[in-house]
Amino acid sequence: MSVGVSPATPLPPASDTNVVTSTFSLVDYVVFVLLLVLSLAIGLYHAYRGWGRHSIGQLLLADRKMGCLPVALSLLATFQSAVAILGVPSEIYRFGTQYWFLGCCYFLGLLIPAHVFIPIFYRLHITSAYEYLELRFNKAVRVCGTVTFIFQMVIYMGVVLYAPSLALNAVTGFDLWLSVLTLGIVCTIYTALGGLKAVIWTDVFQTLVMFLGQLAVIIVGSAKVGGLGHVWEVASQHGLISGIELDPDPFVRHTFWTLAFGGVFMMLSLYGVNQAQVQRYLSSRTEKAAVLSCYAVFPCQQVALGMGCLIGLVMFTYYQEYPMSTQQSQAAPDQFVLYFVMDLLRGLPGLPGLFVACLFSGSLSTISSAFNSLATVTMEDLIRPWFPHFSEVQATMLSRIIAFGYGLLCLGMAYISSQMGPVLQAAISIFGMVGGPLLGLFCLGMFFPCANPPGAIVGLLAGLIMAFWIGIGSIVTSMGSGRAPSPPNGSSFSLSSNLTAVTMATLMPSTAASKPTGLQRLYSLSYLWYSAHNSTTVIVVGLAVSLLSGGMRGRTVDPRTIYPVLPKLLSLLPLSCQKRLPCRARSQDLSLEAGMFPEKMSNGMLRGSRDQVAMAVTEEGPAQPGISPTFILQETSL
């Protein structure tokens, strides 16, 4: 996923979108219609194939039989939205290749989910990520997490449907509301009828279309300007090739540390705990397949980021030789790429249509994932716990109705977005603000056995308040000073990745007129640190409240919901040091047992309360001196 985007430059109002610089040929329309028809056909195929026999598990989790490759491509497509496809090249064109270092965060940003979040979620055999919160805390925390996620995604999906359609209308004259309605209706039909399996396979097809569209632009563009070697040479001469900026200041928008490490938290909020991604992990046929799918995303992400950056460099070189028109130079940054593509591919029938299909593929994949994940959490977290006696047929039909309902809501949100004007930027920013606190809530539960339900709820509220305070404060301050706002957390519109932080951040100027002080200094925090800052707030406040309210005293903790941080860290010590630790032998025995007998660990000892865990330990031998029951619980977590 690239990462969160936040349009710093307001999107042009619909009334300004009448200027047309290019028109589609018949071949372009055929290519575009083929994308929609094939996407719809894939969804209807999977709906018809199992019609009347679908269970709720098949509809929401593809019967847990998906392979790692389609899941990996679907993971990539989920947050590789049209916002990212337009935003990354614009970022490179305006500010240089510093943003390319974001690829450094992909390693940890995918390695941690593969070895921490996926094993816990998969072994719990859950459907919704927020079921974890009930197992670890209680139902109230689960509902709080679910409502927060729904709020985040409902705001987001309308914008991700409307914004690219508006940019496309401004540049090509493609009818605004025809494109919005077409996308919304096609996506709603195949998502509601075909379920997650249809969404994943259409994502695979749409990912290939996205790559083909971007590759066509790179090949044709580089050929017209003299090859990629000439592109790199021109970019170097004009200072567009950035070196490694090692400034540790978190208030500098893009530095190596901000991109490589701040971006890790953004990636974790997207690939670690976001329901859209967790649902894909859980659809894998085995835990190993889920982990491999996470690994497979890494090279795909690097390719996607590299292609976006190359398009930006090719665009820069192209306009050194063929200067922009006045209309193009005054366009909003999110329209740069579209103007470039229409200029570049004019006279090549089919290729403009392929790139528009590429954009709409990004929107379709993101919106369908939003519909499916929203239907899942609504059904599993808000309806079934209160109406547990629904039959499979009733639950399946209701899930389809909910997905249709979210499709209609998405169209309504797109209309509202068209009426929001400058407030549209704030709506987009909200997506990024919410990702960090949700990440903090899950980390609080997994890594801190002493955290209790009151601490989790208060911590989440504190994180959301902090996120909105800094995020909205940044927007208001920027509007008041007349400069573009600093984009909030990329965990969102990247939405890039992809869902991608990329895009929005992309649209913001790199320097301010004067260095801010006081609260304004806080408001200038780089958007890539938002996720880290807000998730840390949740953890610190949550731990403080938990300790003040007695921790987990008198409550039971399901060891399957805890990640054994301390034993994992101790295992990194030299063997000579480990031998001196009184807990060493018992920790190794339990780790060995967990690896050799996972069924026993999940169905027997690990399902018990604190007392049952202690009893299970003493059945195999006396407890080691100096080890408290709490420590034993941490050691036996997984």
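Glycine too: its Cβ is placed from the backbone N, Cα and C atoms.
For 29-48, 68-88, 100-122, 143-164, 208-231, 251-273, 294-319, 354-377, 398-417, 423-448, 455-476, 527-548 (among others), the entry in TrEMBL reads transmembrane segment.
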Honestly, do the transmembrane segment (354-377) and the transmembrane segment (29-48) touch, with at least three Cβ pairs under 8 Å and pairs 6 or more apart in sequence?
-> yes
If one takes Cβ-Cβ under 8 Å and requires six or more residues beyond its ends, the residues near the transmembrane segment (29-48) are 182, 186, 189-191, 193-195, 197-199, 201-202, 205-206, 209, 350, 353-354, 356-357, 360-361, 364
Annotated stretches the transmembrane segment (294-319) and the transmembrane segment (100-122) touching (3 or more Cβ pairs under 8 Å) | yes
Is the transmembrane segment (455-476) in contact with the transmembrane segment (100-122), using three or more Cβ pairs under 8 angstroms as the rule and ignoring pairs under 6 apart in sequence?
-> no
